[in-house]
Each structure stands twice: as structure tokens, then as C-alpha cells.
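Visitor: As annotated in Swiss-Prot:
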ACT_SITE  Asp75  active site
ACT_SITE  Glu140  active site, proton acceptor
BINDING   His73, Asp106, Glu169  Zn(2+) 1 binding site
BINDING   Asp106, Glu141, His355  Zn(2+) 2 binding site
Amino acid sequence: MTPPATPLTPTLQLAHDLIRCRSVTPEDDGCQELMIRRLEAIGFKTERLRFGEVDNFWAIRGGDGPILAFAGHTDVVPTGPETHWNNPPFEPTIIDGMLHGRGAADMKGSLASMVVACENFVARHPNHKGRIAFLITSDEEGPSINGTVKVVEWLEARHTKMTWCIVGEPSSTTRVGDVIKNGRRGSLGGVLKVKGIQGHVAYPHLADNPIHTLAPALAELAAEHWDNGNEFFPATSFQVSNINGGTGATNVIPGEVTVVFNFRFSTELTDAILRERTQAILDKHELKYELEWILSGQPFLTPRGDLVNAVVDAINTATGLDAELSTSGGTSDGRFIAPTGAQVVELGPINATIHKVNECISAEDLNKLTAIYERTLEILLA
């Protein structure tokens, strides 16, 4: 017997419409216009903000008072060969209660839940307290240069500050709402080039092998105890992601070796301290080197307060779960918003299939997520 079809609630219908847009980063492909039309229909004032090849928008509703912002991205990662998918990735399909499609979990499902939650809330509270806002970009899965960070700069120039911000990243692990990300580690990358003298492997005395001279320093960096972490963050980690040296020939000592590495660091350290300690180790080994640093984001933490308490309460009301607060995982656009002074959390669907072939999410989870967002609005702004 064929199982009954999953009814398309307003959230699921909007999620379908968004997934149909082929918004591979940095393309938006009409997602934002779909959202803008819905938001303007309930009284939001919107500003389309294009920086470079990236579409962004800021939408706000309400006269004055604290701002509760929903932040998210319409861009998705590439699908890979579409033939590897069970269903075309941009043709949303519900199978056995699971909504399939690129972006279903990351993060078009969250966007649909946010919009419908606001529609429901405004219908009941047309004269709500404070303000509701949306900060949406199509540059989160890419370099993140012309997206949220630029919108935040634009807001700061207008002296507009978010009070609370919910980023719709897929934070949940096994049940929707089981985990809230209330902070993230910082990310500091480095590209290290160590110089040597190229030569023949049979005549090492006429060359200087940079791989050999680098090895002890690299071993020390890998073994270094950077900090102990704290109650909110694990200890800082150092990881090498790439090593490249040599000409491709088996009988040539390379003249240069390049190492790419990354720190994920806690609030116990600053990026300046990490740079100083790294360079001290390299200098101790008397390497001839060049080092380029890339700071992707500072660590941030939103302790228990208005926003965290509201979201925890909303999750418990909608699902019965007691959410876990976590700072694990990679970086998100929350790193650009937290430095403004806003309280920031990430709350979204289950992340088990994000960036994978056959990305999918429970259809019912999106309805629950809508209820969670709606309840959060009630607590903070009703």
C-alpha cells in the first residue's frame, strides 16, 4: 500500500519553491525575491544590497526597540554529478516523509521556517514590540567576502545594531532542536613557505633540503600544547592540511616547501598570541621562511541570557527536548555578527546530510522548526 502523501504546509511549500532555485554559490537564482515578496506582504521594509557578484538583502519590520534578526544564506554548495542523486537535486521531492533536494538542510529549510514563523507571528501580533529583521546573503558557502560581513558593515554605517540574532545553520544532530550553537571557535590559517637550495639527491652537500629543515619545527608545532580550553570550548587545535614540495622528479631536492595549516582556537587565546608563538618556534629552528596569515573569524560565545533562554524555552515547548549548548563545529556567518555586540545563536535542522549527495531533511522537522522560531518571537517580542 502506498503511504499517504505528506501534506504541503506553508513551510514545506516555501521550502520546495526555494530548493527549485539553482542557487549554487554565489548565485541566488531568485531565492531572495521569493522571500522579499513574502516579507513585504506582511509589512517588512527591504533593501537589496549587491556587493560584487553577491546578492544580499536586509529586511526590517517594526518602529523601534530591540531587533531580533534571522540570518541565513540562499546559496548552496555544488551538487557534484547529478546522476549520483536518487532524484534531481533541484527538484524537491518528499519520500517517506523526507524532503530531498540540495539545500533542504543547509539552509533553505531554515529560511522557509523563518519566513512562515514571522508570517504567523505578525498575523497574531501586528503591533508587536521591538523589531524583526532578516539578513540574507548568497555568499556563505563561498569566500564570504561580499556577503554577511559587508551587510554588517553597511548596518554599522547606518548605526543599526542587532540585539539578538538567530542564524539558521543546521545545528541539530539526531533530533531537531537537540543542539544550539551558542558560540564558535576562532579560525586562523597560515601558508608557510620554507626556502632551501635545489640540487641533485646524490649531492646533498651542494643543496639545502627545506623539507628536512622544516620537519623538526613542524613536529614541534604539532606537539605543542596551546591551551587547555575552558568550560565552553575544547583546547585549541593545530592541523596541517597540505604539504607541497618538489619538482615531480625523483632525483631533485626541492628548493622550497609549502605547508598550509589551521588553528581552531578558543577564547583562552588571541590570534596575535598564536602568531607570536608559531613564529617563535619557526625562528628557533632558524628557518628561512615566509608566512602568510588568514584570519577567518574570532571565537565568540553567547552565554545564557535573553536569547539563549528564549530559544531553550521555545525548543522545550515545541519538542519537549532540553537543548544542549555547544560551540563545536566549523565557522559560520555568526562570526561576523557577534563582534557587533549582538547575542548570536545558531539553530536549524539536523545536519547529517549537509553537503552530501541526496541531501534531505524530515518534512515534519521543518514544521517543528517553524514552531520553535515562532515561539522565540513570542517570548522576545509579543
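Each Cβ is built from the backbone N, Cα and C atoms, and glycine gets one as well.
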Visitor: Show, in sequence order, which residues other than His73, Asp106, Glu169 on the same chain lie with their Cβ within 8 Å of the centre of the Cβ atoms of the Zn(2+) 1 site.
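Guide: Same chain, not in His73, Asp106, Glu169, Cβ within 8 Å: Gly72, Met107, Ser110, Glu140, Glu141, Val167, Gly168, Pro170, Ser332, Gly348, Ile354.
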Visitor: Taking the Cβ of His355 (Zn(2+) 2 binding site) as the centre, count every other Cβ atom within 10 Å, in any protein chain shown.
Guide: 15
Visitor: Using Cα-Cα distances with a 10 Å cut-off, which of the recorded positions His73, Asp75, His355 are near Glu140 (active site, proton acceptor)?
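Guide: The recorded positions passing the 10 Å Cα test are His73, Asp75.
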Visitor: Relative to the Cα of His355 (Zn(2+) 2 binding site), which of the recorded positions His73, Asp75, Asp106, Glu169 have a Cα no more than 10 Å away?
Guide: Asp106
Visitor: Distance check, please: Cα of Glu169 (Zn(2+) 1 binding site) against Cα of the residue listed as 'active site', rounded to an integer number of angstrom.
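Guide: Approximately 12 Å lies between the Cα of Glu169 (Zn(2+) 1 binding site) and that of the residue listed as 'active site'.
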Visitor: Give the three-state DSSP assignment (helix, strand or coil) for Asp106 (Zn(2+) 1 binding site).
Guide: helix
Visitor: Once near-sequence residues are set aside, which residues in the chain of Asp106 (Zn(2+) 1 binding site), 6 or more away, have Cβ atoms under 8 Å from its Cβ?
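Guide: In sequence order, the residues whose Cβ lies under 8 Å from that of Asp106 (Zn(2+) 1 binding site) (at least 6 apart) are Val76, Val77, Glu169, Pro170, Asn351, Ile354, His355, Glu359.
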Visitor: How big is the Cα-to-Cα gap, in Å, between the residue listed as 'active site' and Glu141 (Zn(2+) 2 binding site)?
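Guide: The separation of the Cα atoms works out to 7 Å.
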Visitor: Using an 8 Å cut-off from the Cβ centroid of Asp106, Glu141, His355, can you name the remaining same-chain residues around the Zn(2+) 2 site, in sequence order?
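Guide: What remains near the Cβ centre is Val76, Val77, Gly103, Met107, Ile354.
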Visitor: If one measures from the C-alpha of Glu141 (Zn(2+) 2 binding site) to the C-alpha of His73 (Zn(2+) 1 binding site), what distance in angstrom results, rounded to a whole number?
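Guide: Glu141 (Zn(2+) 2 binding site) and His73 (Zn(2+) 1 binding site) have their Cα atoms 8 Å apart.
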Visitor: Using a Cβ-Cβ cut-off under 8 angstroms and a sequence gap of six or more, which residues of the chain neighbour His73 (Zn(2+) 1 binding site)?
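Guide: Once residues fewer than 6 apart are set aside, His73 (Zn(2+) 1 binding site) is near Met107, Ile136, Thr137, Ser138, Asp139, Glu140, Glu141, Gly147, Thr148, Asp333.
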Visitor: Just how many other Cβ atoms lie inside 10 Å of the Cβ on the residue listed as 'active site, proton acceptor'?
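Guide: So the number of other Cβ atoms within 10 Å of the residue listed as 'active site, proton acceptor' is 26.
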Visitor: Among the recorded positions Asp75, Glu141, Glu169, whose Cβ has the fewest other Cβ atoms within 10 Å?
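Guide: The recorded positions Asp75, Glu141, Glu169 were compared, and Glu141 has the fewest Cβ atoms within 10 Å.
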